[in-house]
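A.B. asks: This is the structure I want to talk about, given as structure tokens.
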């Protein structure tokens, strides 16, 4: 298992096996920084030269041994939150080892560092807090956002993920506790697409919370005030966007995450032509859902244009009136429809997509109706976390005799049918989309991200699903291949943005595949030994008179 992904990722063919990294730090600070700490993998020579000899046990370990130790410890744990705390502890101590462990077992650990466990971690953020991660900006900091950015130690930031905590997954308003989401997203930027972790900045903007439980929780870590919905809120977001670009450059990628829908669409319209920005909840979700539909059409044998798709919910986890963002997709009432089951029986969709965030709304009767109406019904239960999904994979498969094409937002395990067939449900995880898109945007110098970029990403993702995987019930490639999926997506998107004149980094790389792979960060330790070398033929003795 330790070498499962490493054999695929022999990156940077022009770089020697042992890389040198210059560091001015010496002694204990080297071991306290997760960026430079190697634990017991510091060589004897490094220990002696860098002033840390004697501060570690005598043994010099390989990263393989270190990874094995942490993986063995993880296997002993059964509670997902305990695993999350343990993994985040590794990240706080040894960054490269953390990503090594995460990448080596991405299928098992992505549900820990990301949905669904990250949702639980957010709800418990103030109770499991150990060390701050990311940047915290509050409504009280208006007029001083730039100075707060100046406090961030890294100066070469390329990607920012920002939330105001109002709609964390399907869990609602968690205020400053939402920081777990930008942290988790950026973990996947690195693990899935190889974007250097020091170039990633997680941000939470605290304007209060309407969550009464948090407002009365003595361990809550944000402002004890109702959410500010005045012009001051908009002014703060404007100031934040301007400060990021002023400090890090016009092509800095800013990903909006888990804002309330009423603000998410508004900010996307407001900023998309002015900044390099996208909203993963809107564009990323749409892209991964489209990729699933494109894969499903291969199994059904019917073009996507001939499908009738019925959506349940607006992606916010609470009832709301139709707003301007949805008006273009609203149809006249089909008649007397009192329930979602009525809608299915009346409209007779070929696909249903759940984004309500309200739990098991795809009832047994709904699933059976879809199975009666369609030979291969398409059922996407995309709400997160797992307990908010519209149905389980087991219900979807068993109630349609294994005929349905199923995908979910959070992971479900393989399902064994009564006839012995084993079907592996697809996970419509945005992590298939946003890391690859982000990598392409960063290396291409894109300044504005159009919806067509996400269309290109969806097509690329669907094309990477093999016929064998489709026959197993998958609508997406295995998560174990997500690094390769992300890199191939980045290459395709890079080709697209240069062809459409959207890229601003020149000269344009001729070998885009090689260029992307050469930029990808890997988890091997750097050497901190000074770069020493000889001067052959140089004589330091003065010449004699006879010479």
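Any Cβ shown, glycine's included, is placed from N, Cα and C.
So TrEMBL says this about it:
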- 114: active site, proton donor (ACT_SITE)
- 185: active site, proton acceptor (ACT_SITE)
- 167, 384, 429: (S)-malate binding site (BINDING)
- 257, 258, 281: divalent metal cation binding site (BINDING)
- 91-272: domain 'Malic enzyme N-terminal' (DOMAIN)
- 282-498: domain 'Malic enzyme NAD-binding' (DOMAIN)
A.B. asks: When you put residue 257 (divalent metal cation binding site) at the centre and draw a 10 Å sphere around its Cα, which of the recorded positions 114, 167, 185, 384, 429 have their Cα inside it?
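C.D. replies: The recorded positions passing the 10 Å Cα test are 167, 185.
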A.B. asks: State the Cα to Cα distance, in Å, between residue 384 ((S)-malate binding site) and residue 281 (divalent metal cation binding site), rounded to an integer.
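C.D. replies: With the alpha carbons as reference points, the distance is 11 Å.
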A.B. asks: Specify the nearest of the recorded positions 114, 258, 429 to the residue listed as 'active site, proton acceptor', where nearness means the distance between Cα atoms.
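C.D. replies: Ranked by Cα distance from the residue listed as 'active site, proton acceptor', first place goes to 114.
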A.B. asks: Round to a whole number and give the Cα-to-Cα distance in Å for the pair residue 167 ((S)-malate binding site) and residue 258 (divalent metal cation binding site).
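C.D. replies: One finds 5 Å between the Cα atoms of these residues.
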A.B. asks: Work through the binding-site residues one by one (258, 281, 429) and name whichever has its CA nearest to the CA of the residue listed as 'active site, proton donor'.
C.D. replies: 429
A.B. asks: How big is the gap, in Å, between the Cα of residue 281 (divalent metal cation binding site) and that of residue 429 ((S)-malate binding site), rounded to a whole number?
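C.D. replies: Rounded to a whole number, the Cα-Cα distance is 11 Å.
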A.B. asks: With an 8 Å cut-off on Cβ-Cβ distance and a minimum sequence separation of at least 6, pull the same-chain contacts of residue 429 ((S)-malate binding site), or say none.
C.D. replies: 110, 114, 115, 288, 409, 411, 476, 479
A.B. asks: Restricting to the domain 'Malic enzyme NAD-binding' (282-498), what is the model's mean pLDDT?
C.D. replies: 92
A.B. asks: Among all the protein chains here, how many other CB atoms are within 10 A of the CB of the residue listed as 'active site, proton acceptor'?
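C.D. replies: If we count other Cβ atoms within 10 Å of the residue listed as 'active site, proton acceptor', we arrive at 27.
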A.B. asks: Using the Cβ center of 257, 258, 281 as the divalent metal cation site position, which other residues in that chain lie within 8 Å, going by their Cβ?
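C.D. replies: In sequence order, the nearby non-listed residues are 163, 167, 168, 181, 256, 259, 264, 279, 280.
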A.B. asks: Under 8 Å between C-beta atoms and at least six apart in sequence, can you list the same-chain neighbours of residue 258 (divalent metal cation binding site), or say none if there are none?
C.D. replies: 163, 164, 165, 166, 167, 168, 169, 178, 181, 281
A.B. asks: Near residue 257 (divalent metal cation binding site), how many other Cβ atoms are within 10 Å of its Cβ?
C.D. replies: 27
